[in-house]
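Just passing along the structure, written as structure tokens.
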């Protein structure tokens, strides 16, 4: 049956071909028939054949990859250790050869002389390329000089292997015992051995220098120019403040209103101050100040300059300070000497004036505010003797006006006084938010006027700890709240 069907199909195709050739059928139908015959004549791959061919390619690629990996692993595991073992055994055999230390020393001296001095004709003796290689005889034929020059160049390019500790000790003994020991040779050896070494001390020094440079730049607040001179007849230290340059800007306008306070420490009673120069970063003062002091006492005294920025509506800003001591080490002193000093950056907190401890207690029903001055510590010395006579003055302030003031007793000749004295103010509850306390530690002076050692404030208008202490007192009425307060300079 299939054979008869194929025969019928073949006859039908022939019949259609004859009809197309005679033109009995349409041209388009004949073209479609011809294209159909061509498509049937092309060999077609079945889907199972395509999948089998792709699977064969994938399996072949995986096999090649596994073969490459196995070759690489076998090379790493077998070939590299075998080669290193062969090299190590060869070098070990070479190191076991006997060394002629006398010849080595002689040849080393010849090499050093040849390296430092101009080239000389080649000797007839043998030349050593290294400590472990045998002697190579040199030919003495007519072209010997050219061969020698070439050999010398080759010798200089060869790196000498590192000698053992025993070799170094024996060679050192030979060098010391040799009467012709050359210092230049030893220096050259040290230079050659030092090439390529890392010296941590050089990097450490450089880093320290860089740190010092950054530190000095970060603390620089300009420079102060002044003149010092001592008048032996009047026994006075003459200080002339000439000018300041490159001061930092403290105002929003990009300028400052600078002035300078001067002390001859440890005496803070004698204080001088320059005029305020408005809106400038390079003020010219040209003011002279006198400090009566004995010449022999200058060694224990320090000249202290404090540069401030004047502010009409708030506390003055401390720009920086300059401290001059060891007057006898200054050039041309006691004659006139001109000095330029960097103004060191300090904050108000860095000015160590001491601390004061007191407690606050408020009774709302009675309208009574009690401040108990307990003690102070590490106060700044205001007298030449290195001590002070401190007492505490408390002022009740409202809108910048002083309503009342009280003070404690004076403690003589101490920097750590203990008071335990209570001061009471009558303040009604409706006015407690409008007032604040100003506390000043004073130094009593029997002859002159009393000096302020330092001040602090508590209240809603105070800063940081002063405001926190006041808020804590109001939060816990009828309970004494004690804190230490750092003293600040009075503005």
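Using N, Cα and C of the backbone, Cβ positions are placed for all residues, glycine too.
Quantities reported herein were computed from a predicted structural model and do not represent experimental measurements.
The Ca(2+) 3 binding site annotation in Swiss-Prot covers 311, 314, 317. Marked as Ca(2+) 4 binding site by Swiss-Prot on the basis of sequence analysis: 383, 389, 443, 445. Under the heading compositional bias 'Polar residues', Swiss-Prot lists 91-104, 127-144. Here Swiss-Prot flags 105-116 as compositional bias 'Acidic residues'. Positions annotated as domain 'C2 1' by Swiss-Prot: 220-341. The annotation phosphoserine is assigned in Swiss-Prot to 177. Annotation comment: Swiss-Prot describes 9-31 as region 'Cysteine motif', evidence class similarity to another entry. Look at Swiss-Prot and you will find 1-52 tagged as topological domain 'Vesicular', backed by sequence analysis.
Show me how these features fit into the structure around them.
In the shown protein chains, 19 other C-beta atoms lie within 10 A of the C-beta of residue 317 (Ca(2+) 3 binding site).
Residue 443 (Ca(2+) 4 binding site) falls within a strand when secondary structure is assigned with DSSP. Cβ neighbours of residue 443 (Ca(2+) 4 binding site) (same chain, under 8 Å, six or more residues apart in sequence): 268, 269, 382, 383, 388, 389, 390, 450, 451, 452, 453.
Sorting the domain 'C2 1' (220-341) by DSSP state (H, G, I as helix; E, B as strand; all else coil) yields 9 helix, 67 strand, 46 coil.
Averaged across the topological domain 'Vesicular' (1-52), the predicted model reaches a pLDDT of 69.
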Around residue 389 (Ca(2+) 4 binding site), how many other CB atoms lie within 10 A of its CB?
18
Using Cβ atoms only, which residues of the same chain lie under 8 Å from residue 445 (Ca(2+) 4 binding site) while being at least 6 residues apart in sequence?
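Listed in sequence order: 269, 389, 451.
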What are the DSSP helix/strand/coil residue counts across the region 'Cysteine motif' (9-31)?
19 helix, 0 strand, 4 coil
For the Ca(2+) 4 site given as 383, 389, 443, 445, which other residues of the same chain have their Cβ within 8 Å of the site's Cβ centre?
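Neighbours found: 269, 382, 388, 390, 444, 450, 451.
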Show which residues of the chain containing residue 311 (Ca(2+) 3 binding site), separated from it by at least 6 in sequence, have their CB under 8 Å from its CB.
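In sequence order, 257, 317 meet the Cβ cut-off.
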Within 10 Å of the Cβ of residue 383 (Ca(2+) 4 binding site), how many other Cβ atoms can you find? Include all protein chains, please.
16
